[in-house]
């Protein structure tokens, strides 16, 4: 467990890697790969390859496991040498270091996957497992049973690919905010499959989340609907001077060349939001499958991430080959989402896309590592709060880069999302309960004051 001084560093790195992942993916979607000197350039649109990048980043967690293994071997070897030299009493009690180390191992071993493992860029929902269930003895997850982690990995493939495709049609902040719908499906699936009970305020918080997602989507659709097409610049009367005409033509070219990736219609924006929100169904299913597995079996969470990354990479690579053979090689599918050969060619021959791909892999691996470290050092609920701040930072950076404009309606939607999520995770209390508790405390104080005055 990290020391107190390291917690701010872990939190900062979690925010940095989490924000970088979404922003780099959106930046990658905006890169021109063909017809760059025309009014309709072709941009990088490869959501399946971006899913493969994510699983490469998750598989990178095995490097952390390997480094930790060698570090423990070196530490045990040095300790054995010291023990050979130092005098050992016949009866030796547990030292304070050994006690702290045992407590740390017990803490890490008792953590459920729902507390520690999340989709690399997801908003964390409150863990399903109650305190009593966490104390249940679990068997180690070894042998062929490790292959059960392929099921949540497949759900991760479907959810991530849908979200990457949806990101092509919406702004980065809208994408991140819409992912807040995860808590809705987590709550529903916890009732349906895990037989959990939700109170009235839990259901109310889920309704608030749905309302927030709807407002965010409405803000994006209204913005796209109100934006005039870039070609409207040239529809005005022809200028008298050639210089002015040349300036207007240059403005048209620059505007279309730079913002074609963002010039989506209102219908495309709605489709993108529906794809991102629908992807949360697969992510919530992933959580339920992980929970059902980890209630019976135990494994270090970072190894679970590594195994899911390995299974996800293998299944995605096989699926890419099949889809390329069936769709990508056809005349209609060439240059599309399932054209694996064309997609890899764009990655390896476009320097910007290649560099951002490497940075995305590193950011995903880092987000998993720092996220798990934060959960172990603080709590899963704290990680949920921090991840909400990640959405805010992505929004601010997008505004600063000029990728989107400020919209008050989006602020309202984001506020509803944050309030609904924190209410569901019990970070804030319902207003009625807070009011009743405050009123009860006031009544007690008044009763005590009246009793004192009567005695006098």
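The backbone N, Cα and C atoms fix where each Cβ goes, glycine too.
Annotated features in TrEMBL:
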| type | residues | note |
| --- | --- | --- |
| SIGNAL | 1-22 | signal peptide |
| TRANSMEM | 49-71 | transmembrane segment |
| REGION | 87-114 | region 'Disordered' |
| COMPBIAS | 96-108 | compositional bias 'Acidic residues' |
| TRANSMEM | 146-171 | transmembrane segment |
| TRANSMEM | 177-194 | transmembrane segment |
| TRANSMEM | 201-222 | transmembrane segment |
| TRANSMEM | 269-289 | transmembrane segment |
| TRANSMEM | 310-332 | transmembrane segment |
| TRANSMEM | 352-372 | transmembrane segment |
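Remote same-chain partners of the transmembrane segment (49-71), defined as residues 6 or more beyond its termini with a Cβ less than 8 Å from a stretch Cβ, comprise 25, 28, 120, 153, 156-157, 160-161, 164, 300, 302-303, 305-306, 308-310, 312-313, 316-317, 320, 340, 343-344, 347, 357, 360-365, 368-369.
Here the transmembrane segment (177-194) has long-range neighbours at 121-123, 125, 128, 163, 166, 170, 202-203, 205-206, 209-210, 212-213, 216-217, 273, 276-277, 280-281, 283-285, 287-288, 291-292, 391, 395, 410, 413-414, 417, 420-421, 424-425, meaning same-chain residues at least 6 beyond its ends whose C-beta is under 8 angstroms from one of its own.
It is 269-289 that, among the stretches 146-171, 269-289, 352-372, forms the most Cβ pairs under 8 Å with the transmembrane segment (201-222). Among the stretches 146-171, 269-289, 352-372, the one making the largest number of Cβ pairs under 8 Å with the transmembrane segment (310-332) is 146-171.
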